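Listed in Swiss-Prot:
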- 18-38: transmembrane segment (TRANSMEM)
- 64, 380: Fe(II)-heme a binding site (BINDING)
- 66-86: transmembrane segment (TRANSMEM)
- 103-123: transmembrane segment (TRANSMEM)
- 148-168: transmembrane segment (TRANSMEM)
- 186-206: transmembrane segment (TRANSMEM)
- 237-257: transmembrane segment (TRANSMEM)
- 243, 292, 293: Cu cation binding site (BINDING)
- 269-289: transmembrane segment (TRANSMEM)
- 312-332: transmembrane segment (TRANSMEM)
- 340-360: transmembrane segment (TRANSMEM)
- 370, 371: Mg(2+) binding site (BINDING)
- 379-399: transmembrane segment (TRANSMEM)
- 414-434: transmembrane segment (TRANSMEM)
- 447-467: transmembrane segment (TRANSMEM)
């Protein structure tokens, strides 16, 4: 009973962070299962496993997207690593609002249940994660499926807003003595910028899907031209949230990668202030480029010119970050442990994803490539090999601190190489499919596309083997006896620890700091 009470009513940031990790792992496995079903259907031309049920295919795609974005990456990155390490890194005893932290987590399981139940009601919600009307309207999706998906989004949105309020308050008000803003670790900065993005963008999504809900159920016509509405308005509202959302997914990863590159190159991060301002710039610019998702809806030519230019400008702060990571490694004494492998893999693959993003920023090119597999390849390079590689990197980097035990290094490296090979084999051929004009969200295709699709599907099976390796690593690390206890500072940064988490025991005490740490060292 006491154990149940501890986990249900916990107000401890580490316990809640652990709950987020467990939740993210469960949702991630479910999302992976959906993605494998998608790739099995696309493994060869014709109907493979879904018996020609195109609606079911789109339900799988929608569920895969929602699970991976709202129930895997965000809970693990912001809820998991954020809750676990932001208070420790700034020298705070806990989060500012511990009970708010508890409900932020417990809103997510009901939200997940609503999403899964939407797939089981009538024909499911086959709208894609964008939920565009008129496809998501009551004429095209009668029944309760889309409404359940909307309520699911509302709940996870409220969870994220409450969490972001908590992080902003904690980082501004609960830093230890001497921890000025310009001494904040980069991961804390990344969570702060992410929290602001969430706070500003999610209410817009909430407004859009609430309008959609009333259109469906109460006969309003916000998005129905028959009553003077406009479905393009929904697209503007959705993407005003949706574009900052992709930066919400990747920014905490930037912070994690900065820590890892610095630690394993044995050097402080190159251009700390530049890194901070680059993240802030990405956050601001992220709100000014949303219509690049809408080049094909008939925007004015001047509007398209602006959004093309603005989108390309976002590449500048992103490039600053990438070159700063490379400069940090330059001349460093690099150790290729598992976290560093994932970090280098992240930098390499995220750069490829960024370059295809520059291609898609051109409105003229995008008109040809929009809604083809080129776009799928682009955002999976950014997310499936950006955000997810950052998650794995952070896991291997901090797992000793979380469990108090070291992970098996060889198995970790095997996990990296299998996953690296698998995801590249899955997503690189999609560029060729997209350039050949293969459209997204369609479960069948002409025979001409068969070769690359077969390769892509094979790659996804390899990725699953890699993920299975990962869970083997988790099982071995978390079980006692098979591996040695983790030192306070497993990466040998005792001589010059730049961040506070390496000064506390592994795992940290239930209350991390007996007294507040005073931060005296200036940043070199």
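Note: Cβ is positioned from N, Cα and C throughout, glycine not excepted.
Recorded features from Swiss-Prot, shown on the structure.
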{"residue": "64", "record": "Fe(II)-heme a binding site", "CB count, 10 Å": "20"}
{"residue": "243", "record": "Cu cation binding site", "CB count, 10 Å": "23"}
{"residue": "292", "record": "Cu cation binding site", "CB count, 10 Å": "23"}
{"residue": "293", "record": "Cu cation binding site", "CB count, 10 Å": "22"}
{"residue": "370", "record": "Mg(2+) binding site", "CB count, 10 Å": "19"}
{"residue": "371", "record": "Mg(2+) binding site", "CB count, 10 Å": "14"}
{"residue": "380", "record": "Fe(II)-heme a binding site", "CB count, 10 Å": "21"}
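Among 18-38, 186-206, 269-289, 340-360, 447-467, 269-289 has the largest number of CB pairs under 8 A with the transmembrane segment (312-332).
Other than 243, 292, 293, the residues of this chain whose Cβ falls within 8 Å of the Cβ centroid of the Cu cation site are, in sequence order, 239, 242, 289, 290, 291, 294, 307, 311. At the 8 Å Cβ cutoff, the transmembrane segment (103-123) and the transmembrane segment (66-86) share at least 3 close pairs (sequence separation 6 or more) and count as touching. Under DSSP, residue 371 (Mg(2+) binding site) is assigned to coil, being neither helix nor strand in the three-state scheme. Closest to residue 371 (Mg(2+) binding site) by Cα-Cα distance, out of the binding-site residues 64, 243, 292, 293, 380, is 293.
In three-state terms derived from DSSP, residue 292 (Cu cation binding site) belongs to a helical segment.
Between residue 64 (Fe(II)-heme a binding site) and residue 243 (Cu cation binding site), the C-alpha separation comes to 19 Å. A gap of 15 Å separates the Cα atoms of residue 243 (Cu cation binding site) and residue 380 (Fe(II)-heme a binding site).
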